[in-house]
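Per TrEMBL, the features are:
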- 21-39: transmembrane segment (TRANSMEM)
- 51-70: transmembrane segment (TRANSMEM)
- 110-131: transmembrane segment (TRANSMEM)
- 140-162: transmembrane segment (TRANSMEM)
- 168-185: transmembrane segment (TRANSMEM)
- 245-264: transmembrane segment (TRANSMEM)
- 304-322: transmembrane segment (TRANSMEM)
- 365-386: transmembrane segment (TRANSMEM)
- 392-411: transmembrane segment (TRANSMEM)
- 420-444: transmembrane segment (TRANSMEM)
- 464-483: transmembrane segment (TRANSMEM)
Amino acid sequence: MNILMGIGTWFGQNILTKPEFFVGLLVFVGYLFLGKKIYEAVGGFIKATVGYMILNVGAGGLVTTFRPILAALKTKFELNAAVIDPYFGLQAVDEAIKNIIEQDSSKSNLAAAVMMALLIGFVINIILVLFRKFTKVRTLFITGHIMQQQASTAAWMIFFLFPQFQNIKGVILIGIFAGIYWAVGSNLSVEPTQRLTENAGFAIGHQQMFAIWLADKLAPKIGNPKKKLDDLKLPKWLSMLHDDIIATGLIMIVFFGIIMWVLGPEFFTAKFGKCVIENGVQTCPVINPHGVAAGAFDPKKLSFGTYIVSTTLLFAVYLTILKTGVRMFVSELTVSFQGISNKILPGSLPAVDCAASYGFGSPSAVLFGFLVGTIAQFISIAGLLIFKSPVFIITGFVPVFFDNATIAVYADKRGGARAAFILSAISGVLQVLCGAVAVALFQLKGGWHGNIDQSTVWLAQGFVMKYLGIIGYVLVIVAMLLIPQIQYAKSKNKEQYYEGTVDLEEI
């Protein structure tokens, strides 16, 4: 048993939570099943892995550069607030679980709860796809780092709402909940994503899967698909904004430039600690008491204005890198996964990072959704202040960018600029208001997951479990399992449903 646990832990730590290797492995296996030569499979592995790593460089650069800037507002104005961001939520969950262990040393095995639950959830997702004729689930969630974040949040939900299950039974409950959410949520995104990409052959496995489905349904009703963002007529002097790199660069200089100017240079200035000589090499650790972009700004070498411009333009740089990576790994994955779909998991589709959709929608939609969602969040945060909410929220970069950009991409495809605006704005408001409720409900200190699915769907499920106990948990599980059944029942073409394709003439 210990050997199996060791193998499972190794696979989880080295493959499953490293999406670049997991995607590369799937491409390698898929090409072999398609009858490709071994060197072709190896080439596919390398290209897909590198493509995903490029995507990670872009996404990671956006997060590490701009998340601290938004979070610094909390420090600048000495706010007692929770940051709605999965990384802050992850930290809050880790601290909460450590407190449980400190209070009861017999529960020390909970430290490995997240990884065990993640593996259980992944196996459940595979089982649901294997028995798709009965479950109607067609998608395999393969975005490992997102699985880790969601398994962590689910762990705290179960441990907090059911203290009697702060044990291995609770880990199983977490794994079942997470695995079914991954399968059902990504399955909801199949038709919207196939419409967006014109049957490219993948679904979304991320933090806004229910929101994608809802945006795809609502957009045609509230907007006009013939009036997309790219069709907006701008004055001649603004026509350059149709170029997404120029638009991103200019708007970010203004948007983040104002925030950085308000924070002041002291939040970005390098401060050095005591230098240490080790093995003949002197190192002087960089210390910044505010923890924001430590070491990035040296007033002796650069003016603060120049630093602001160079930093904000990185947004356009990282976004371009991200899209380049998307094109590389998606092209390999969609072809090779046919081998897995034919041989191992018949009729299945891979559910990948939401950023994969950015290469198919309007280039303007990504930036537009982010800006609209951010403004909506700021207005909602002001509302919390005005009405003296007992819980205060700080904008987190990951939800405000990736959720709202993704929603705008799908909404613009189906309902044009109007739908993209309305749905991104609603998402921004819900992220803040429902995030505040979630912080109060789950009593996490300093952070909450913050993404739109977790702040709406998971919040509602949390209330059901809180007031109905274990019966509520069962109801939540059953309700999720019914969703693909309803999807199948409502589909006009049953064969097409199992194929995971859409009629392009109806788009």
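One-based numbering along the chain as shown.
The backbone N, Cα and C atoms fix where each Cβ goes, and this holds for glycine too.
Note that the structure is a prediction, hence the values are computed from the model and not measured.
The transmembrane segment (464-483) shares the most Cβ pairs under 8 Å with 140-162, out of the stretches 51-70, 110-131, 140-162, 245-264, 420-444. Nonlocal intrachain contacts for the transmembrane segment (304-322), taken as residues 6+ away from its ends with a CB within less than 8 angstroms of a stretch CB, comprise 54-55, 57-59, 61-62, 65-66, 244-245, 248-249, 252-253, 255-257, 260-261, 265, 268, 293, 296-297, 355, 358, 366-367. When Cβ-Cβ distances below 8 Å are used as the criterion, the transmembrane segment (420-444) is approached by residues 82, 84, 89, 92-93, 96, 156-157, 160, 211, 215, 218-219, 222-223, 229, 365, 368-369, 372-377, 379-381, 383-384, 389-393, 395, 399-400, 403-404, 407-408, 411-412, 450-452, 454-456, 458-459, 462-463, 466 of the same chain, each at least six residues removed from its ends. Beyond the transmembrane segment (245-264), the same-chain residues lying 6 or more positions past its ends with a Cβ under 8 Å from any Cβ of the stretch are 66, 69-70, 72-73, 76, 292, 308-309, 311-313, 315-316, 319-320, 364, 367, 371, 374. Long-range contacts of the transmembrane segment (21-39) within its own chain (CB-CB distance under 8 A, at least 6 residues past either end) are made by residues 14-15, 45-49, 52, 142, 144, 329, 332-333, 335-340, 342-344, 350, 352.
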